Amino acid sequence: MQGHPEVIDYLNTLLTGELAARDQYFIHSRMYEDWGFSKLYERLNHEMEEETQHADALLRRILLLEGTPRMRPDDIHPGTTVPEMLEADLKLERHVRAALAKGIALCEQHKDFVSRDILKAQLADTEEDHAYWLEQQLGLIARMGLENYLQSQI
C-alpha cells in the first residue's frame, strides 16, 4: 500500500526518536542496576521495552506504506546522576510528545487515519505513563530530598 511520502518521512523522524528513547532508557536502566537501585532499574527497563514496541509499530507501518525505515537513532543525552537522568528522560519525553502531536496533525491532513491512530496511542502512553511517572519522581525528590528518595529505590 503506497503511503504519502510526507507521512512516511515523518514516521521515520518519529522512529529515530523512539530508537533514541529506547537507547537512553537502556543505558539509564543499566546504570540504575549497577548502582543498586532495583526499583528504578525495573521501571526504566519496562520503559525501554515500551519504546521498543513503539519503534516496532512505526517500523511496521513504514514498511506497510512501502517506505524505507531509517534505523539510525537520534543522539541521546544520558545523565550522570539520578536527578540528571530523570530530567534528561523527561526532556526526551516532552520532545516526543510534541513530535507525536505534529505527526497526528500531518496524518489527518493526508487522511492516513491508521497512522494517526498509532500515533495517538503512543501519545497517550507518553503523556499518561512515561512523562507522568518522571514528573512524579522529580516531585518526590523535591519533597523527600535526594537521599531519602534514593533509599526508597533500593
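Just so you know, glycine gets a Cβ as well, placed from its N, Cα and C.
Pulled from Swiss-Prot:
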BINDING   E18, E51, H54  Fe(3+) A binding site
BINDING   H46, E50  Fe(3+) C binding site
BINDING   E47, E50, D129  Fe(3+) D binding site
BINDING   E50, D129  Fe(3+) E binding site
BINDING   E51, E93, H130  Fe(3+) B binding site
DOMAIN    1-145  domain 'Ferritin-like diiron'
SITE      H130  site 'Dual function in ferroxidase center and iron gate'
In DSSP terms, the domain 'Ferritin-like diiron' (1-145) comprises 118 helix, 0 strand, 27 coil
Fe(3+) D site, defined by E47, E50, D129: further same-chain residues with Cβ within 8 Å of the Cβ centre: H46, E49, E51, D125, H130, W133
If you measure from the C-alpha of E18 (Fe(3+) A binding site), which of the binding-site residues H46, E47, D129, H130 fall inside 10 Å? none
I need the CA-to-CA distance for E51 (Fe(3+) A binding site) versus D129 (Fe(3+) D binding site), whole Å please. 12
Looking only at the domain 'Ferritin-like diiron' (1-145), what is the model's average confidence as pLDDT? 98
Least surrounded among the binding-site residues, given as E93, D129, when other CB atoms within 10 Å are counted: D129
Cα distance, H54 (Fe(3+) A binding site) to D129 (Fe(3+) D binding site), nearest Å? 13
In the structure shown, with every protein chain counted, which of the binding-site residues E47, E50 has the densest set of Cβ atoms within 10 angstroms of its Cβ? E47
Measure the Cβ-based neighbour count of E51 (Fe(3+) A binding site), defined as the other Cβ atoms within 10 Å of its Cβ. 27
When distances run from the Cα of H46 (Fe(3+) C binding site) to each of the binding-site residues H54, E93, H130, the nearest one: H130
Which has the fewest other CB atoms in a 10 Å radius around its CB: H46, H54, the listed binding-site residues? H46
Let me check the 10 A CB neighbour count of E18 (Fe(3+) A binding site). How many other CB atoms are there? 26
